[in-house]
Amino acid sequence: MAELWSAISAALPVTEAEFPLDFSEKVEPSVVDVLKRCRQQLYTGSGRWRQNAQIILDFSWEKLNTGTWRDVDKEWRCLYSYGCLFKVAALCRDDASPATVQEAIRTCDLGLLMGAAIMDNILQTFVKILQNEIRKRHSNEENLSEGVSAKKMKVDCVSVPVVKQALAVPRIHCPSLESFKKDYLDPQKPVILEGIIDHWPAFKNHPWSIEYLQTVAGCRTVPVEVGSRYTDEEWSQTLLTVNEFIDRYIVVKDASSLGYLAQHQLFDQVPELKDDIRIPDYCCLGEGEEDDITINAWFGPGGTVSPLHQDPQQNFLAQVVGRKYIRLYSPEDTEKLYPHQLQLLHNTSQVEVESPDVVRFPEFVKAPYLECVLQPGEVLFIPVKHWHYVRSLELSFSVSFWWS
């Protein structure tokens, strides 16, 4: 316990006076007083430390869940992160049992997911310390939630479409920046790029597998979509550790439902995985900076579906594990694709692409499209606003790069 607390305290400012607590007038003085008490207790080790941290968490949680997420002031997200910081420190000082360490990691993850970066992203530093503590206590086999190799994996019984050659997305091997810009980016034409990610550590140094993902990220808490597609009425979201997600939705346990770790910035949360990938060179043709590129993870079993939709940026979809069937439609044919009228889903089609209701949506069958089965090691360029439908054919891990 002393060793863990020593590592945690070493990540903190040396003195209380150096510990920053700078908030605007939006944060009530009474709340700032609780923060200051937590800071004092952090350095003296006395008082109702953990209870005060929970007060901050409860107060800021209400602020985070008032109105729409985009309108939440950054001050409240920072406040939530401070609450997580103080709670983690209290947990690690009082107790260092395996359950407590896991609770501390979950608290850090909630701060990383819901809060804002504070003090040079100190919560990420805490996670590294806590993960090292777990790895010291357990061998990889003990840490792999019973060991995936000993379990029966969910069998993916999904249909594999036959891609018609006339409708196939064109393919090109390692085009130059100039030729990609001239032939595909400028005219906004989809294309599959081959041979541009073969050098990724995710393929070479430590190929991504269930076991590897559990080793580097098994104890991390992530958002999971539950349901076959986000337009379904029974669709929902929940928070699970990666180990729990794999146990519940990758390994046979509840074959009646699908879980999908979808459109999540996992690589900001787990830097070890970010080290396994590289931003495609072609992103330099955009107008934004590298920091403006949004990198998302898409991990789930066969049968997961992203309904026909469009994105507001250029997209490189890199396939690392498994295969995906993808169909693309030009934005010029938007009217034939019957977008939802609701503002929340205006970028999503009402049509079930592979089993369309031709009575309700008669024009859909007249819309031309391209299609492909994206294989591991391939990258699909999806031009901005191009409609695309995606279905996993088996256990799959994809990485998307949104850029302008």
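Note that Cβ sites are derived from N, Cα and C of the backbone, with glycine treated the same way.
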Based on Swiss-Prot, name the residue from HIS206, HIS388 that is recorded for the same Fe cation site as HIS309, ASP311.
HIS388
Let me know the model's mean pLDDT on the domain 'JmjC' (268-404).
96
Quick one: among the binding-site residues HIS309, HIS388, which has the most Cβ atoms sitting within 10 Å of its own Cβ?
HIS388
Same chain only, sequence gap of 6 or more: which residues have a CB within under 8 Å of the CB of ASP311 (Fe cation binding site)?
ASN347, ILE382, VAL384, LYS385, TRP402
DSSP on HIS388 (Fe cation binding site), three-state: which is it?
strand
Counting by DSSP secondary structure, give me helix, strand and coil numbers for the domain 'JmjC' (268-404).
27 helix, 53 strand, 57 coil
